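> According to Swiss-Prot, the protein has these features:
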- E94, D116, L118: Mg(2+) 1 binding site (BINDING)
- D116, D119, E275: Mg(2+) 2 binding site (BINDING)
- D119, G120, S121, S122, N211, Y239, Y257, L258, Y259, K269: substrate binding site (BINDING)
Amino acid sequence: MLRDVLTLSRHVLQQFGSFTAEAQDFSALMNRIALAGKMIARRLSQAGLIEGALGVTGSLNVQGEEQQQMDDYANRAFIRALEQTGLVCRLVSEEMKTPARLPENCSLSRLALMIDPLDGSSNIDANLSVGSIFSVLHPLEDRPEADNQDLLQPGRRQLAAGYILYGPSTQLVYSVGKGVHGFTLDPSLGEFILSRSDIRIPERGSVYSLNEGYFCQWSEGIQNYVRYVHRRDGYISRYSGALVADFHRILLQGGVYLYPGTQKKPEGKLRLMYEANPLAFLAEQAGGAATTGTEAILDIVPQSLHQRVPLIIGSRENVEEVLRCLEGSLVP
């Protein structure tokens with residue numbers, strides 16, 4: 001039996017409870033983000049068949065990381081989807097040192113979109129899941145635009161956040177601060193249709209997700225957490241190497257995802273503004289928690305657009321378990 005068809009654009013309007021200009025602009029913005037997701041999903045589905053979809057570009061991105069062909073395509077897809085729309089003035093991306101300014105939009109909108117256009121892109125050559133992450137901000141009016149100071153604001157000020165997961169199906173999950181909702185792309189309609197409403201992360205889950213290859217580089221507290229779960233029944237390790245895919249599992253099934261700092265990189269690897277903040281926003285909206293190990297992710301005042309942070313995110317009880325290991329009150 002077919003379920004009720006509620007499209008993404010209609011759902012956004014329902015979230016605002018009105019047809020105000022703000023609601024319509026947000027609905028249009030989510031549609032353009034969804035359009036970029038459809039473009040990326042189509043390209044990924046053809047990745048083994050067309051030239052220039054697999055492998056690396058031969059250059060490094062602003063993070064000093066080897067850029068995959070699909071990283072570059074995904075970044076351009078978001079820019080193309082938002083040009084000439086009047087919806088977003090600035091686009092901050094993992095793939096660009098400075099924000100892309102869309103001058104034709106700035107007379108109509110001051111909103112900024114923060115994106116990781118393609119998370120986990122090293123998975124593509126092996127045909128594994130990847131994702132896109134996004135966050136919508138309103139620049140602070142009392143801060144100068146120079147050096148993008150007006151964008152450096154805590155994650156609690158996000159207007160909306162979400163991600164698109166490219167897997168067996170293409171799914172979009174988002175929140176405007178009124179719960180977390182999931183949509184599945186119906187290829188026959190070309191529309192994202194509501195498939196999960198008011199998602200709540202379980203208070204506790206069995207999954208822990210982290211790359212244990214870095215064990216020797218972690219702090220004693222993180223090492224003790226790994227020893228703790230190894231020595232007890234009821235814990236399952238799942239790690240794909242794609243943040244969106246691993247977080248999506250935690251969101252639906254419960255558990256905890258960890259990407260802690262290491263001896264070489266105590267600041268962590270994940271970017272605050274367009275990776276940790278959006279997912280932390282979703283986690284808290286769904287009843288979960290997100291922390292660096294010392295402070296809530298959403299309370300951090302960013303110092304730069306590409307700032308990195310450690311991340312511990314997931315079910316409240318699981319996150320608390322990690323924190324107790326860090327403080328030494330829970331021992332293996």
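Each Cβ is built from the backbone N, Cα and C atoms, and glycine gets one as well.
Help me picture where these features are in the structure shown.
Using a 10 Å radius centred on the Cβ of E94 (Mg(2+) 1 binding site) and all shown protein chains, the other Cβ atoms total 24.
Same-chain residues at least 6 positions away in sequence with a Cβ under 8 Å from that of E275 (Mg(2+) 2 binding site) are, in sequence order, E94, D116, D119, I133, L243, L311.
Within the same chain, the residues at least 6 positions away from S121 (substrate binding site) whose Cβ sits under 8 Å from its Cβ are Q68, M70, D71, A74, V130, listed in sequence order.
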> Let me know the largest Cα to Cα distance in Å among the substrate-binding residues D119, G120, S121, S122, N211, Y239, Y257, L258, Y259, K269, as an integer.
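If we measure all Cα pairs in D119, G120, S121, S122, N211, Y239, Y257, L258, Y259, K269, the largest is 19 Å.
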> Taking the binding-site residues one at a time (Y257, Y259), which has its Cβ surrounded by the most other Cβ atoms within 10 Å?
Y257
> Can you name every residue in this chain, apart from D116, D119, E275, with its Cβ inside 8 Å of the center of the Cβ atoms of the recorded Mg(2+) 2 site?
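Once D116, D119, E275 are set aside, the remaining close residues are E94, I115, G131, S132, I133, L243, V244, L270, R271, Y274.
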